[in-house]
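Colleague: The structure that follows is given in the form of structure tokens.
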Amino acid sequence: MASKPRWRSGLENAMALPENKGQMQYQLATVDTSGRPHVRTVGFSSIIEPAEHPHLPVLIGITDVRTPKVTDMRANPYVELCWFLTGSKDQFRISGPVRIIPSPHVESAAQGESTLALDKLSEQGFDWEKKRVAAFDSLPPFMRALWCKPPQGSTIGSYEVANEWLKTLSKSNQLESEEDKQNFELALRNFALLVIDPIHVDWVEAAASPQRRTKFMRNGEDWSEEFVVP
């Protein structure tokens, strides 16, 4: 059985360092229908892989299905992220096909093209809805409430309007009132997973002396790597 690619071990090791604690966000670039690039910060959730295929890791982020980036990814289902972990000074640029996993009650957003890792997960019967609900439940209460807000980027009359928005939202097994249940259903309906199947990875170890930079490329199920000038 093929082993996990070295960049994945590097990323997981960097994330586990105390100096990188809490750095669970990266910058994600998409291209809209007119060819214009857009970059924003996205929350990281987890890394998974098909059973017995550690060489095919998939990165899972979280998003609101109503955001413009989902429209971008519907038109151009290929993205690149840049993740700089400031404590260890490791930078990972990861690109590949993307797929949005929305609520089953929402029209499918960005299905994207067929990809090796995602197709293998589907063949193995991976339960994406169970993963989506678990990812939402794992968020802190104040973050779950964010999915009850009006769509990001929509116009408001003043900043004070935000004082009327929901501040916290309990997880699925702690809902007490009917209002809590309705808010949870609304938030979960807007919550989606953003799934990237990495094809190219560029890893810079800026704290090393001398600095190191390695490019990784996946062809089929095989990863190759080359050392390049930082």
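Each Cβ is built from the backbone N, Cα and C atoms, and glycine gets one as well.
Marked as domain 'Pyridoxamine 5'-phosphate oxidase Alr4036 family FMN-binding' by TrEMBL: 5-101.
Distances, neighbours, how buried they are, the whole picture for these features please.
Modeller: Summed and averaged per residue, pLDDT over the domain 'Pyridoxamine 5'-phosphate oxidase Alr4036 family FMN-binding' (5-101) gives 96.
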Colleague: Per DSSP, what is the helix/strand/coil residue tally across the domain 'Pyridoxamine 5'-phosphate oxidase Alr4036 family FMN-binding' (5-101)?
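Modeller: Looking at the domain 'Pyridoxamine 5'-phosphate oxidase Alr4036 family FMN-binding' (5-101) with DSSP, the answer is 22 helix, 46 strand, 29 coil.
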